[in-house]
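*Asks:* One structure, pasted below without further comment.
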């Protein structure tokens, strides 16, 4: 540590036996001598950063906007409002609507149903499922979180159990142009990983929707869960109360001004919780469906940054920082000094 | 008492022996227990011990066996040794010991002179015999080996380091190198010696005075002369025998003769070269003897009764050998603050030669005022000063003194010391002043500057020392802690009054003082030391550090941020909390709006719980790490690894978590590989959210950095502008950054400027 001088001028400086030193080995890490870069927000860096962000962001914004513009979207509101009507099993719930295609829509046209005020993200709702049961027949009895839709009243397990499956959406749509039925492809609407890994091919619906209170759709007990794609899509719970889910695809193109007749089986009860149902037809671009937010946001931030860059250039030119000017020192602005 | 003789051969066992065992300790070994010394390799029962492990002092201490037992030699001599030792119980005081030994039906008093403390080391003596009096942990205070690596006791060390309010420092070996150099002297009112002390240099540097240039050239031609360790004196008027031509040559002669004889050092003649070196109790004593030798008064032999020196005879101009009969030695002690010898020269004249602190000579000789003034200057220059004086005695006077003195020495009562003191006082009076010496205890590099900075940063500094009080004060001057005109409140262990700056005591006191300071101020304390004798202090303080040079002029500026608590205030905490909440809200809002409910991929899939969650979390990870990166101004590999590695780790985690079986990963299964990574909207959303969220903080930093810089920002600017090494430039920046202080080099310069007369006097000298 310190160069401790020999205490005396004596001859004892000779050959003090070398003691085992516990002095830590020198390392640049412990001595805080690692090579370092010391970034500093200099005017050049600041202006460059802002300008760079602006220059990158504005094209991204434009690109996103145009991509979003290419995605067409026809939302159709469905508004029948009678809870009693929808709960009755005898009433005819078929209704039809006519839509006009505003622009050419190249196939595939994605068909979505949109629900509003439906909290699929509710804490208890989200948990009310059994992933093990969905995966394999062997785990059929694992229904831990599924109550009250775990077992039927006589105690036999429900497959698939839980509230999510129970509340499966069950409106159906069919489309016709000029009385000619347009085929709706309901295959491959679910994530591949879900079909292959989360829903077993040996798991068949059992005792489903047999209870007193009917939630939503019934399932064909002869089709394994891995092929029940509507269920699989539904079981991917949405994060927000307003969400869309893929219903199917129209593989053909739709020409502008075509009149599409949609026949709707209005089965799903959204009236009891004042929800809304929409039917959405949409094409996609590389960025997905139509949403101008990202595009405009990129444009906004990009221009803001360019503006800031210019602002700072002007600021730096008008008011260069004088080194050592005591008026910049914070304690000079704070009259009572040092403490 | 048992009479076993054990031969102690080395340090392999630390705790050994039972009380009453007789042990033999050989050269350069540690004592295994507290021993009462019986005999040594020297005929007169002397031995030298090094007590560095106990009090950190590296000098050798002289111990002496009782005359009655010192004659016992060889192992066989102890076969029939029978004695009864009565002594006090073990205690923590290193410098006191009271006891008696009954041997051959006679009572002998025991004193610290006979006590060899455990874990001190036998030096320069072939062997000693001793009887164990205390063993194991009952022995007198032993703490740690000096050779202990610094280690952080707690992990929040850095935080505390920033809040240090009071620094407690050990003196010896921490502030100073503990090596003395004879540098100046004042003889008969004339100042000799051209050398500059470190303190003078530091002041000259600060003042930018012409002294600096002189010093440059001085250093160049002075260099070859530094060959003699402990001697840095240069004055052609008295060197090389020129002193015979000085007006007061008789005084000069006596002055150096005194230096050559009034000490307890022992000469060692190197048989090959014939060169003489000295073993002294303290480094300053060695410096004196060396100075005397260099000026032609060579002390070369000491026997029980005589001191022999070679000196220049002014009449014949030849070197003659002179032998003085040593009658009594009145040893140094801290209350008397002086040491004297009484000797008889070859003509039979009795001389009392004395050296000590200022109040020694009262005779009012014509040069007394001048000497005082010069001593003042020496002290101001950071030197330890001693006054030299003498007196001629007549036979009668000496005889009566000797009786009184011997009686006092042989008494066993508790007031023995006082009696000895009284006797010494009676003879050490009416002394005739010769002059004063000034030795420099070399400071560690940069100590005055460092203390100055600490003082400017508003840190209180306490230097704790076991030194003699006046030495401590001198060191205080030397390291700019004290300066002339400051009011001194002094306390030693004997007088527990209000403590300020000075403290006398042993290492246990260090710890006590530390505790006191901590309790008294409630502030964070920092203990500095070399870890030898100040272990207690280091352990007691909130932060204990070994020494290393604190450097960099930015230190004081930065430090005020800590002391003023700028970086820790509730406003600041709220500010950061606000920042966090804002960022969180922004991330949430941007992500949900950007991904909303439309398809987020070409395939038409919509976002679900897992996809939206993973996207948001990606943004959070990026924003947190990037904000850290924006706040860090010193990037080493460590920062890079943790910041960028942290981000990479998030992706690795997503991959790993997504790869395990869906039973465990549930909704996170393949979320990155299948869902996020192939979707461009995920990437552009993340890019947008991260940048947009960081822009406000970035803009804030830019504005604050450029227009409202804090202390550390200003230092960054300095460094960036490349002016950090330009003192002028730094001065401009820091002109108001440091607080006015009452200690430190700056304060000394201020004081100098205000007292112009003193300044001009220095200039002329």
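From the backbone N, Cα and C atoms, a Cβ is placed for every residue, glycine too.
Because TrEMBL annotations are produced automatically, they should be read as predictions rather than curated entries.
What TrEMBL lists as domain 'P-type ATPase C-terminal' is B:553-709. Residues or ranges marked as transmembrane segment by TrEMBL: B:573-595, B:607-625, B:637-660, B:680-703. Summarising the annotation, TrEMBL assigns ATP binding site to B:584.
Where in this structure would I find these features, and how exposed are they?
*Replies:* Across all of the domain 'P-type ATPase C-terminal' (B:553-709), the predicted model scores a mean pLDDT of 86.
Its Cβ placed at the centre, residue B:584 (ATP binding site) has 14 other Cβ atoms within 10 Å.
Residues 583-584, 587-588, 590-592, 595-597, 600, 643-644, 646-647, 650, 654, 667-668, 671-672, 675-676, 682, 685-686, 689-690, 693-694 of the same chain sit 6 or more residues outside the transmembrane segment (B:607-625) yet have a Cβ under 8 Å from a Cβ within it.
Note on the transmembrane segment (B:637-660): residues 614, 617-618, 621-622, 625, 628-629, 668-673, 676 of its chain, located 6 or more positions outside it, place their CB under 8 angstroms from a CB of the stretch.
Within the chain, the transmembrane segment (B:680-703) has long-range Cβ neighbours (under 8 A, six or more residues past its boundaries) at 579, 582-583, 586-587, 590-591, 594-595, 600-601, 611, 615, 618-619, 622-623, 626-627, 630-631.
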*Asks:* According to DSSP, which kind of secondary structure is residue B:584 (ATP binding site) found in, if we only use helix, strand and coil?
*Replies:* helix
